[in-house]
Amino acid sequence: MIHAGNAITVQMLADGIAEFRFDLQGESVNKFNRATIEDFKAAIAAVKANNDIKGLVVTSGKSTFIVGADITEFGQNFAQGEKAIVDWLMPVHEIFNSFEDLDLPKVAAINGMALGGGFEMCLVCDYRVMSEAAQVGLPEIKLGIYPGFGGSVRLSRLIGIDNAVEWMAMATPKKPAAALKDGAVDAVVAADKLLDAATDLVKQAISGRLNWKAKRQEKLEAVKLNPLEQMMAFNTAKGAVLAKANPAQYPAPKLLLDSLQAGASLARDEALKAEAEGFAKAAVTPQAEALIGLFINDQVVKKASKQHEKGAHPVNQAAVLGAGIMGGGIAYQAASKGTPIIMKDIGNPQLALGMKEANNLLTKQVERKKMKPAQMGETLARIRPTLSYEEFKEVDIVIEAVTENPKVKEIVLAETEKNVRENTIIASNTSTISITRLAKALQRPENFVGMHFFNPVHMMPLVEVIRGEKTSEEAIATTVVLAQKMGKTPIVVNDCPGFLVNRVLFPYFGAFDLLVKDGADFQQIDNVMSKFGWPMGPAYLIDVVGIDTGVHGAEVMAEGFPDRMKPDYKGAIEAMYEAKRLGQKNDVGFYKYELDKKGKKAKTVDPTAYEVIAPFVTGEKREFDNQEIIDRMMLALCNETVRCLEDNIVATASEADMAMIMGIGFPPFRGGPCRYIDQTGVAEYVALCDKYAHLGKAYEAPQMLRDMAANNKKFYG
């Protein structure tokens, strides 16, 4: 053994070829944490000291290659400021450079995921061989940063500026065919041939049949473009990238382009310094803090879900009650992920609608070449429409998705319970109605749970799993595991009106109503909140949700939280409802809707909308300060999120933030309500609440925040 470290081993194979093997002990994946980087340095020294080594094959002892840097170390590193970040990166560059500069050929044998720092290590090698099962990429942009271990410098010299920008800005892992086509890897082979193929390349390099030194030299020099070609390449890249990423919201793509341009005419070492300086600028932005926090929160949520696996019982057969758009969407989602599902309704027209929805979604998958026609047929065969309960004795879980009316749901749930086995779990897809209340209609409330999908089911990643007063842990666990199997992210919440997401969303709509009442133009509110980062403003959102749905939901919330959610005035949303303007459902709401050339509903300004709400505007019509609109909208939403933590509706800030991002489109680069409060400053946020407390209870700072401010505490760190 030439080197035996905690993360890397080096041992001789044959013919002067040694295996340089990454296998981080005590971890399921390889990653570049501090320990690995130190061991990397030691392993390089061991190779340098051994004169018998003529070439290296770089391998992994894990099912993945190297997943990247250790993201949990970023917070501490990035908090030190730009200079400290550059001071941290430059020694890492020296280690990577010393590996690249070894006077012998190196071939990376990429067996699985090689992402971020993992692929940057592959780029240091002279050749890259990729398994057919592997993927490679530089996805750091998703974290609000960009490649910092030399990836931007080496990839742009290897595959050209335009391709490199696309790889890094899109942040999508590349499959073998795409990586080979672009020139990022040199060969793709079957998994069982990987080591042999990599070893053969090393042999060819050692023998002189491959000019590995010339290939390496390309990465050490400036980009091979003259100044005019460079200018054209970067202008094109900037146009493409900045059209998709607003620098005010996502600064990393522009900083990446700036550093690439600064380093393009420089040799490797100077270009790496430009990369490090640009990386540091990105790393200290609040967006990077939020997006890295989001990644870590996602891991927290996944870990919480995984803990339910042991307590779940298998779901071999599911059923859904209600075959409308929602029922059809649920059936599609279950069937497409391999779970057979019965779809029941009371009439053939409803069943036809549900099957049509599933068929349409599957057809789109085939058209996008994400599914073969034969797979579509197999998936449709897993959905069995029926008008009776005859087959329900074989069902493990029933998902009720009938109309959002407590009396209707209670009747349907009680009837269902009589037609299933004693251990069958019944889940309600209610969006606002208390699970504990609905459970009173059942003989076995321990088997009853909430399973709230968001619309459209096939696109929205979140499922709220709601624990009622008597819901068993087995029911929770089974529902969580089914949601995961359906390709969703489940978050377990305790019962209350609106649960977590809708309980938080309705104060946001309430804040909108109050702003309009006070004289704000709803179009200004929409524009301000869109620029703030929301996918759409609140007026447009309630049109999309359905104004009737919003009004009915608001009634449930007002009953549950009368002190904060029962206004003493009629608002613009209710005025629209009374005027039978339901939003996109009937093409008139706050906006008017007409089909565009692609057949999608496009909004246009409708003067009638202003006439409808005019009698309910009591404030002076005026142009509001944009920040006042942001503060009033965000305080109501964030305060209710904190109250959900206070009331133990949701267990952690991580889960609360993830739910808001996945459930209602909270701007990801702001990290969620709790992260937003942290970045505002808890004490400063409480002061804002006090400033607007005269507007009502929804604006009063929760006691949790006052305590945190007094003790200088944050949600994160």
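Backbone N, Cα and C atoms are what each Cβ position is placed from, and that goes for glycine too.
Keep in mind it's a predicted model, so treat the numbers as computed, not measured.
Record note: Swiss-Prot gives Asp345, Val402, Thr403, Glu404, Lys409, Ser431, Asn455 as NAD(+)-binding, and the candidate from Met326, Met355 in that site is Met326. The recorded positions considered are Glu120, Glu140, Asp298, Asp345; of these, Asp298 has the fewest other C-beta atoms within 10 angstroms of its C-beta. Cβ-based neighbour count (10 Å, all protein chains) for Met326 (NAD(+) binding site) stands at 24. Note on the region 'Enoyl-CoA hydratase/isomerase' (1-190): its mean pLDDT in the predicted model is 97. Rounded to the nearest whole angstrom, the C-alpha distance between Asp345 (NAD(+) binding site) and Glu120 (site 'Important for catalytic activity') is 54. In this structure, the CA atom of Glu404 (NAD(+) binding site) is 42 Å away from the CA atom of Glu140 (site 'Important for catalytic activity'). For His452 (active site, for 3-hydroxyacyl-CoA dehydrogenase activity), the nearest of the recorded positions by C-alpha distance turns out to be Thr403; the candidates were Glu120, Asp298, Thr403.
The binding-site residues recorded for this entry are Val402, Thr403, Asn455, and the Cα of Asn455 lies nearest to that of Glu120 (site 'Important for catalytic activity').
Every protein chain shown contributes to the tally, and the Cβ of Glu404 (NAD(+) binding site) ends up with 17 other Cβ atoms within 10 Å.
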